[in-house]
Amino acid sequence: MKRRTRNKIILWSLAVTAVAVLVGGTIALVLTAGTWKAKIKKSQEKICNKGWECSGSKYCCNDTITDFFKVYQFENLFAKRNTPVAHAVGFWDYQAFITAAALFEPQGFCTTGGKQMQMMELCAFLGHVGAKTSCGYGVATGGPTAWGLCYNHEMSPDQIYCDKTYTQYPCVEGAEYYGRGAIPVYWNYNYGAAGDGIKADLLHHPEYLEQNATLAFMAAMWRWMTPIKKSQPSAHEAFVGTWKPTKNDTLSKRLPGFGATMNILYGESICGRGYIDAMNVIISHYQFYLDLMGIGREHSGDNRDCAEQAPFNPSSKPDEQQQQQQSGS
């Protein structure tokens, strides 16, 4: 009797082991099949090449920026940038913008989604650029939104923006890290990171951003396309809707749209402070450009302000948010 019981136990053990092996093998096969399916799908993804402007990417299968944004439109958007009273006469031009954009179009910069979304992202990005480089004021000829790209650097910096605690990008003797560029860059660590992103030695030569318009646009586009932290969206992702907010984001009223781009780029210097002028000016530029591009401000999207959004990255230092100041201030 004992031998029979023992034999039954052995048989049951073998049966359970066999089932486990079969189940494990099935799971392994399913996982392997799933992995290969993903690889096959990726390999079958259509890739397009459109010459110098956009190549080797699925995004290049959409319209490129030069398909819907021409020289005359650039001139309309930035009509006053070369007037005698402007502070960067002759610096900014269409060719510099397009040359810079060619680096990021394969990544989805203004090449994500349909034509309307592409044009909306262009206006959103340039809305930040226009607002942050404007020398317009309430009674300025053509209105305050006509004066974008008036500056290419901070006019009267009161410090050199060197933070010696950031050892990854240490300050270079003699270099000054005041605001420069299309979306002004401040502080040594931001120059260092942007320089790595566009493969230019901005840490040693921050002046490049006020000497070369293509690099100035590149640095701004790199910031637009790059998350501040890996767990967070880029401004691009937040705007085109590929970012999926977490529960904490939703509770903090951070949702996809133009408002989130301001939160990512400027944090608490702009967002979570109600409907302040600094925020409204950026929105006004975005909507003005939508009108000029023929889309219309009625298509500026949901969640276009950040008045009640909690900042993604609350400042830990009193001076940290000074990097977000307007270049012409």
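Just so it is clear, glycine is given a Cβ too, placed from its N, Cα and C backbone atoms.
The disulfide entry in TrEMBL for CYS271 points, among CYS171, CYS306, to CYS306. TrEMBL lists a disulfide bond between CYS162 and one candidate from CYS150, CYS171; that candidate is CYS171.
Residues near CYS162 (disulfide bond) in space but far in sequence (CB under 8 A, at least 6 apart, same chain), listed by position: CYS171, ALA175, GLU176, TYR177, TRP187, ASN188. Sparsest Cβ environment among the disulfide-bonded residues CYS171, CYS271, CYS306 (other Cβ atoms counted within 10 Å): CYS171.
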